[in-house]
Each structure stands twice: as structure tokens, then as C-alpha cells.
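Summarising the annotation, TrEMBL assigns domain 'ABC transmembrane type-1' to A:651-875. Residues or ranges marked as transmembrane segment by TrEMBL: A:21-42, A:54-78, A:90-109, A:146-169, A:181-201, A:314-334, A:398-424, A:445-464, A:476-497, A:517-537, A:719-739, A:770-791 (among others).
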Amino acid sequence: MSERYARENELVSAESNLYDKAMDVAIALSIVTFVVGMITFADAVPLGATGTELVNFFAALLGVVVGGTGIVAVFSYANVIPITSQRVRGVAMGLLVSAVGLTLAAFVLPVSLATMLGLVMLLEAGLLVAAGVVSRLGLVDTAPSMTAGLLAGVVFGIIGALVGAVIVGSLPGLDAAVPGVPVWLLGAIVLGVGFGALAIVPREDLGSTLPAALIIGLLGVTIATAVIGVGWQWTPENLSGGFTGGSVIPVFVLFGSLLASWSAAKCRADFGARGRQYGAFFVINLNAFLMVAIMAAIVVFVTVKGVGWAFHDFSIGALSLLVVLTPILVLTAQHARAPAGTDEWHSAARQFFRVVPLAAVGSLAALLLGIIVTGTTFEIPYQYAILVDRSTVMLDTAFRVTPSLTVGNLLIIVSGAILFTYFLRRYGSLRNVGTEYERLSLVRQGVPAAVGLLGLLSLVYVVIGPVLDNIGIGPVLGLGVATLGAVVVAAFALVPLGALVTGEGTLAERAHESAQLLNVGLFSGIALLMAVIVLEWTAVSNPQLGPVAPVPVVALVAAVSSLCIAALVARARRSTDDTLRRRVLGDEVTLALAAATGYVTLVGLHVAATSESTFALGPVEVGINGSLSWPTVLQGAIPLGQAPGGIYPAIIGTIWIVIGASLFAVPLGLGAAVFLTEYAEQGRFTELVEIATNALWSTPSIVFGLFGAAFLIPRLGNSLSLLAAQLTLSFMLLPLVLITSREAIKSVPDEYRDASAALGVDRWTTIRSVVIPAAMPGVVTGVILGVGRIAGETAPLILVLGSEIDATTAVDVLGGFAFTTTPPFITNEALLGSSAALPTQVWGIITAGVSGSPSKGWATAFMLLVVVLSFYAVGITARTYFRRKINYE
Amino acid sequence: MLSAVTTDVQKAILGEDPSEGALRTVGSSVLLLVATLATIFAAPGFALPVLAVFLVVTAFGWTTHQAEMARLLTLVATVLTVLTVTLITVYLFVSAAPAFAAHGLDLLTIPIVNGEPQWFLWLDFLLPSAESIWNPRAGVYSLIPLIWATVIVTTIAGLIAAPLGVMGALFIAEVASDRLREIIKPGVEILAGIPSIVYGFIGFIVLNGFIQKSFLDDGASYLIAGLVVGVMALPTVVSVSEDALSSVPSAMGDGSAAMGATKWQTMKSISVPAASSGISAGIILGLGRAIGETMAVAAILGAVVQPTVPLFDVFDASSTLTSAIAHNYGSASASTVDVLFVAGVMLFVIVAGMSVISQYVERRINEKLRGQQ
């Protein structure tokens, strides 16, 4: 699009004269009044504010404007965000002028905010009239058309009719001039036609300013003279509600300023085709901004309301936070390495923006280290509301970061696995690099065999473990093999380090030469240790050599050794200029880092596998119970305690519902999509299915609820049940999966299929190896977005799952399976029972009336929003990622 | 005749020219599946073991005749999907039948307030009227107040969602730069993703208080419900209209630009008219969403069923078709449930009809634009 309108940039950057500047001020003034209108509509500032209160308000507004325009001005001056458009500059200047002017006016004039807004609207009307007249008299160089156009005429006619109806209707003592016709109708007709004519008949410069100015002036006079004042009220007889000054004045202001901004924007761009474009774009842009603002407002509002309760009694150890921070640190480092911004940017500024996140993470890490070193707890105390006996009680609580050095093994496993995958993906290959030692090939063959043997042994333990225990060799064998494995792993981890440190040549040469050693040593070590840990798990043993547990110690030693290797190779890489060698060494660094994170992950896995409570190394502990305490997410409701507990059952319930619905819907929908697109003949049948699925997708969710409640529940034990909820939601998810999968499969180009067929590949292999992989991104994105929608669905759930609000225990689906000798042979009490869920809990709080705790409701809504929006964030990110990948390839 | 059917079935399941082994494997798998379905209806207790046998056989078949098995499984998925859709539709209608039979036209009873039938124009002559309109204990039901409440809420929502949504679509499709589009489009999607119960909770706790203060209302009102539902329907209108605007061939816009038209003139005179049917499809779909919206409306309007007097009183409140189901189902007697099913069928028919219409409109525009290219 942009090339077509290249000249536009010249136009908007043209020098502006006095008329242009005045119009910029008018636009800015209408923006300011619009914002103030919004603020007063939400009742953030009373309309009756006078004196100091009013001055303070406008001074705050001035501060905001100065801050906003100031930072943009600085960036523009520094050439980071060069702003060449005179229009933008003009509006910024206008904002400053209006904010200063309003503050001064509030200081000088002894009026209320409402009167002030009325006066400002009168001023806007004056400016518009002046602009129109000046242009009509030819004092400025504009390009108006003959008329403002039919569209503007019709719109002004409608507005005029409304104004006429209200004015004439509310004037007392006017009798019907024509019998049988109400006066307000006459007024509407007269003013409607009048305004329409005023817009259409004169030349455009008058036609698009005069009627607008008249309306704005009229609204302004009404407000300024307090005909509709702050205390004004009007309750029509036949309506249940009525209107107050507090709601009508802001509506007038919002409407008036919208009209003024449109008209002023037209004037600014010299009327004609360009003026209309500027005016229309102004309104369209404002609308888009409003939409985003609404979205942001909802999310922020729920967060602000819910975050206090959601984080009550939250505390976490500083070391655990550091562990969480490491993946983020690596990601920000990656961000800092990648080129960012556009070329026109000042290069220093680009570098600055690239490193800002990294610096932020670094300083956060330093803070956490400070907490650990000084041993002081970081606390943000605050209060939150709970409901006790139907009355609100405020409780003291705090958000704490403790200097605890205990880390939960789950945190370590998750963070470590993320990093391991990340580094492994970045690692290229070291094939055919460096010296190939003879013994290495032996190791290459030996390690898989050893891993296989260990796996077999684990299997033996699973099957006949008790027997082995009975004859007494169980523990001994497990212990011996595991210890032996650990020792071998230690060798694998230390030998490459030794090869790096000793030997001939420079460090870089040695690193290059021992590439194979590194490759084999690190990978074999991880694989072997993993097998050993699996053995520990199945043999239920935790080998101890005196006070030392060999497996985690070896893992730690290996991790440290890998880190050392990474550091040494990185140093060697700095010292060499050979491009090829730099590349090889870079790969080695990545490999060593991957190994280090892998070994750390294994420490966490070891703790999980041996179910020993902790593995301690000095003050640092890795335990099954970490230092995280988060009652909202980790506890059920506590019925009679002082603390309210949490919403763990609801979270678990929602997770199971989502999992169950996806298990039913995704395979079915995907399979049907493959059949309909790849096998079935495209014709009546496929079209019918498509229309039916689309119709089903837009069917109200409550209808699915009706079906689930009346059809499924009687067949599933006649009580509210989790299984019924899962099935009902899967019926809702099914059409979406089908539709998105079909779209994705259809959008795979036919060339792919033809090329595959030309190679003699049969249909199914083509589908499996060509079509589905190519369609996968679309399918995955569609499913994620659909699941996000399902997670927040409420209406069907209240019919099939109930709406419990104070659940104390979560459903135990995995533990609920039981085998019976009578049909149906497998039962699951948990699946056939009711459960709490996040959305139904919010509904339960609404219907509970006074016994529902609003603060708990906000917290539940907040957690629900977090769950749903994270699905959306993942889905949208995945889509953007895949789309970029496809477009750039 | 019979053999022709058999051949057709075999062709659908196996494709052309199956081998002996494939026929045997897939055949046994199909038989077991049919057996599973039969046991579900005949002896549900034994369905799981039969299903397990089916799974084992299928897994075995997957290793030996993967291609044929894959075809069979996708076919089974299709059949099950179609069956589900049919089952839901048929079951809804069947469940609604008793109430139709019992109450008939009485379901459309119009209320009498102060001795006068309260509904205007010809409705008085056509429909029966009664003092009481929703009294489950006395077995008196009228859906008219619910329908009218739905109409008011949907109208307000449409007045908000249609203009704002079309302008938003214009912004995303024509005005925004690529970068801005990358931000705003996901923003709109997220707006669609916010669960309706969250809107409902905000409306219930915050907005109802606001309207009592600023509009002197005594409680809930259609105005707030309509506003909230309008915001919720907005993303549907935006994304469907945006698709329509984006699919206008760029040659048309280029031609307009070549004639010296400004961007706005191009939008107003080329893009919007060309995409008008797509935009109307978006609005129809948005209205469908508004009609079907349940939780936000149920939370804001409450459980009362009452006639709206006068008809245009936007500050009044009554359950809509959807929220009546949500509020009443749990505690309803059998006869009330039947009536709620009538409401459900009504919703289903209206919204599915709107969806079909909008699909038809969209299909037409696609054909038209393709013809012009």
C-alpha cells in the first residue's frame, strides 16, 4: 500500500503556517476533552470539582502531557524515533498548549469542571467557525470541494433531528402547532432538515464546520450555563431508570469532542479529498485505539482486583527465583545478540534497546543474590479482603522473597530441561572435526549397549523387584550397578576437561583437536546417568557411599566440569582468528553448556526418582518440597480457618476438563479433517459437513450444556460429573478442530502432493510424510486457540458440573481408576463425580449472593484469565513464528 | 442392489483394489467397531472390553496394513463427527417436543398488565394473553418476555459492535502498518478470548453499581448487558469483516490509486462496497454471538422473568433465552426443563440459521471476487 501513496509523506511533512497550527491546537484540544470526558464518565474526578481540586487535576494532566510529549521529543531529537510529520509535531505542541491553558484557566476562573468543559467546547466551536470562515473568504490556501457530501449531510441531519426532538420536547408550554403531530416530531423534522441543508448546500469548508460548530456550541452552552448541571436529574415516567448530570455531561463532552476532532482534522488537511481522508482516518484510528484500550483496561482491571488475593502469603526462596530466572536470562541474552530495530535507527540506540532486557534480568539476579548474601527477607506487605460470616475482613499479608537456599526439584527439572533443549537446538554438529581416537569408536558402541543393559535391568526390577528383594540381592545389585555407573559417568565428564587442560599446542588447538572427545564424553555421560537414575527409580534404591550419594554428586561434578569446559573453550575462541576454528569452538561451547544444564536437570530428576526428601550440598538443598509457598494455587479452601486457603481444586478441575476435552475432540476432528480433505470426493457431502460444522461452531454454548445435561448425565451415573463436562466441551471443541485442521490441510499446496506422487509414493505415505507435517503449524495453532476458548467456557459447565465455590480437595483422576470384576471392569469415581473448576467457581460466587466473597471471585477470574490468555499467547506466538518461518524460507 | 451397496461401502472404507490381507485386517477391525457400538447400546458394561479388543486389533492392523488402517480410522472419525452433530440436533428437537405438545401456542403468551394486553400492534390479536407469564408452579410459561429481552440486548449489542467493528476492520485491513497490524490483530483475538464469565463478573460487581448511580436505575439493566455483549461480539465482527476486506483483490485498490484517488476514497468507494457482503456476514455472525451469549447476560440481568414495560425500557431487566436456561435448569421441574428445551431449540435454529446465511453470503462474495480477477 505504502508505495502508492508515497507523496503523502511529503505532504504531512510540509511546513505549517499559522492556520495549520491553530487547527492542530483544535485537534489537540478535542483529544484532551475526550480524555477528560472518559475520566469523568468513570467518575475518577467529580464533575463538580472546583478551586484547588480542579487545579490539581489539570496540573496532573499537564504533567502527563509534558512527560509523554517530552520523552517522544527527546527520542526524536536523538534520532531514535525521528518524527518528521509536522502534523504529529503540531498535535504534540497543541497538547502542551491546551494542557497549560486549561491549568491556567482552572487557576484563574472560579468555575467547576463541568462549566469548564462547557467553555472549552464553546472555544472549540469558535475555532471551527473561524477556520471555516477564513477558508471561505480565501484568506488561507485550501482546496474545498463544492459540498461536504451526502454522507456528511445525512449524518448531520440525523444528529440535528435528535437535537431538535430533545430541545423542542423539553421546552415547556409549547402546544401542538399542527394538531395530531407531537411537537418533538416537528422539532426533529425542522432541525434535521436544517442541519442537513447546512451541511450540503454551502461549500465544503463551511458545510463541514458550521453544523459541527453549532452542535458543539449548543452542547457547550447547555453544560456551561448549567441547564444540565452536576446535580441535574431527569426520570422519565415510563422508564425504570433516569439520567443524571453525572452521566449526561460526560456523554455530551465525548460526543462533542469526537465531532470537533473530525471537523478540525478536516480543516487541518485543507478540506477536499485530503481533508476527508484525514478526518476519516482520525476517527478510525481513534476507534482502533479505543478497542485496544478496552482490552487492556479489562485485563488490567481484573489483574489489579485479583492479584492481591491471588498472591496472599506468597513466598519463595531467592535461589529458586534465580533458577527460574536462568532461562529468562538466556533468552534475553539471545535477544541482545540478535539484530533488532530498523536500519534508520541510531545504531547506539539499537544496541541500547537490545541490551536493556538483559540488564534488567542481571540487576534482578543481583538483587536476589543480595538477598541470599545478606540473609534479609524481601517483603512487600499489603492487605487483602476475605469473607468471614458474610462480612468482609481485611487480613495482613505480604509478598516475600526469603533468603532460603532450598530449591524444589520440579523447578530445577523444568528450567534445566528448557535450557537443555534450547542449547541442543542451537548446537550444530561436530562430525569429522578434530582427531578421531581409536578407543572412541569402542565407547561409541559400548555406551548404547550399557544404556540398554541398564534399561533391561530396570525392567527386571519393575517385573520381579520383590522377588529380588526377598533373595537379598535386590538392593545390593542396584546399589552396586548404580555406583559403578556413576563412577563411569564421572570419568566421561572429567576426561574431556583433562584433554583440554593438558597436552600440546595452544588452548584453541587442543580444543579443536579434542572435539570428538568432548562430543562423545558429554553425550555418553548424560545418557548413562539418565539410565542409572531410571534404575534408581525402579530398584527403589539410593546408593550411599558413607555420607555421599554418588549419583547427584557425580552429576554436579560433571555439570561443573562441563561449565569449566565451556569457559575454557570460550576463552580459546576469543584468542583465535581462524573463522573455521571459531565456528567449531562456538559449537563446542554450546555443547558444553547443553551438557551442564542436562546434568543439573539430572540432579533434580535424581531427587524425584529416589523420593529421598532432599539432596543437600552445604547450605544449598534440592528437595521435593521447595521453598515456594503459594496458598492460592497450591491449597484447597480452608473452611473455618483464619486464612482462606486457595483455589487449587478449581485449577486442577479446569486442567482435567481441558485435557479430557482435547483427548476426545482432537483425534476425532483431525482424523475427520484428513478424511474429508484427502480421501473424500469434494462435493455435496463434504460441503454439507462443512456447513454443519460451521453452524455447530456458532451454536450457543448453553445449548451444548442442555444436551450434556439431558443426554449424557443420565447415561453416566445420573449425577453432575467431570466426564460429562469433558464430553460436552469436546463436542464444542470438535467443530473448531475440524474447521482449522481442514483449513490448514487445504492450504498445503497441491505441488507438494504432486511431487510426492511423482516419486511413486502412495497416498497414505504422502499424507503422513508431506501433508500433515506441512499442515501441522496451522493445526497446532488452531487447537491451542480452541482449547483456550474451552478453558474459559462456563455456560455448559454449570449444567453438567455444578458450581462449587469452596472445594477443599481436588479431584484425583489418576488415582481414581479402579479395576473391578463386574462390568464395566474399569471404574473411576473421580471422573464420575463433580469437581470445582475456575469458571464455574466465579459463577458460583455470583449466585451465592452475600455469602460469595468478591475478592475470591476476582482472584479466580484473574487466574482464569491467566490460564486462558497464556493459551492464546502461546497460540498466537506459534502462529507468528510459523508464518515468519514459511514466509522467509 | 445389495451387492452394489456392499461394493460402495467397501470402496469407502478401503479405497480401490484392496489386497486380501488388507481386506481381512480392516474387515475385522470394522466388525469389532460395530460390535463396540452395539454393546454401548445393548450392554454398556461390556463396551470397554470390546473396545479394548478393537484397539488391539487396530494396533496390529496398523503395523501390517498402515495405509488401509489410516484410511479406516479417518473414516471412522468422520462418521463419528457426523453422528455427533446429528445426535445433538435430533436430541434437542426430540426433547423440546413434549413442551410443544403440552403448551403449544401458549408458550407465546403475552402478558396483561393493569387489565390491558401489554404488547403492541397485531400481537394482541394473534396470541393468547394471560395475567401470569412465567410461573413454573402453576405450569404457566411464556417465552415472549425472554425473546423480547434477547431482542433488546442483541439490538444494543449490534448498535455497538457493528459500527465499531467495521471501523476496526477498516483500520486493520487498510490503515494500519504491518507492524501495528501485528499488535492490534492479536489484541482483538485476545479480546475474543477473555472468558464471558469474566465480563459477567465485571458487569455484576462494577457496572451494575455504576448504572445505579449514574442512571438512577434500581438494579440490573439491558443497557449494561447490551454494552458488555456488544464488546464481546466486537472481535467476531472485526475478524470476519477484516478477512473480507483483505480478500478484495489488490488490483482493484491499485487501479483506484492509479486514478489519483486518496486512500480514503479507495476505501469508501472500492474496498467497502466490494467487501460489503463479507462485512454483512461478519455482522450477522456477531449478532449470532450476541444472541447466544449466556454467562455475561446471566450474571448482569439476574434470574427474574418479567415483561418489559414499556417495550423500549432499556433500564428494565429480564432473563434472556440463554440466561433463563442457565439460571433455571438446575432447580427446574420436568415440565420446566421441557420448556427450556424449547428455548434451546429456538436459539439453536436462529443462530445456526444465521451461520448458514453468513456462510452463503461469504461463499457468494468469494465467487464474485474470483470472477473479477
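Including glycine, each Cβ sits where the backbone N, Cα and C put it.
Automated prediction, rather than curation, is the source of TrEMBL annotations.
When Cβ distances are compared across the two stretches, the transmembrane segment (A:445-464) makes no contact with the transmembrane segment (A:398-424), since fewer than 3 pairs at least 6 residues apart fall below 8 angstroms. The list of residues near the transmembrane segment (A:54-78) in space but at least 6 beyond its ends in sequence, with Cβ under 8 angstroms from a Cβ of it, reads 32, 35-36, 45, 92, 95-96, 99-100, 102-103, 105-107, 112-113, 116, 346, 349.
Long-range contacts of the transmembrane segment (A:90-109) within its own chain (CB-CB distance under 8 A, at least 6 residues past either end) are made by residues 16, 20-21, 23-29, 31-32, 54-55, 57-59, 61-62, 65-66, 68-69, 72-73, 116, 119-120, 268. For the transmembrane segment (A:476-497), the list of distant contacts is 450, 454, 457, 461, 468, 514, 517-518, 521-522, 524-525, 528-529, 531-532, 535-536, 539-541, 543, 545, 550-551, 553-555, 557-558, 561-562, 564-565, 595, 599: same-chain residues at least six beyond its ends, Cβ to Cβ under 8 Å. Residues 430, 434, 437, 440, 443-444, 447-448, 450-451, 454-455, 457-458, 461, 478, 481-482, 485-486, 488-489, 492-493, 495-496, 499-500, 543, 551, 554-555, 558, 562, 565, 588, 591-592, 594-595, 598-599, 602, 605-606, 609-610 of the same chain lie 6 or more positions beyond the ends of the transmembrane segment (A:517-537) yet place their CB under 8 Å from a CB of it.
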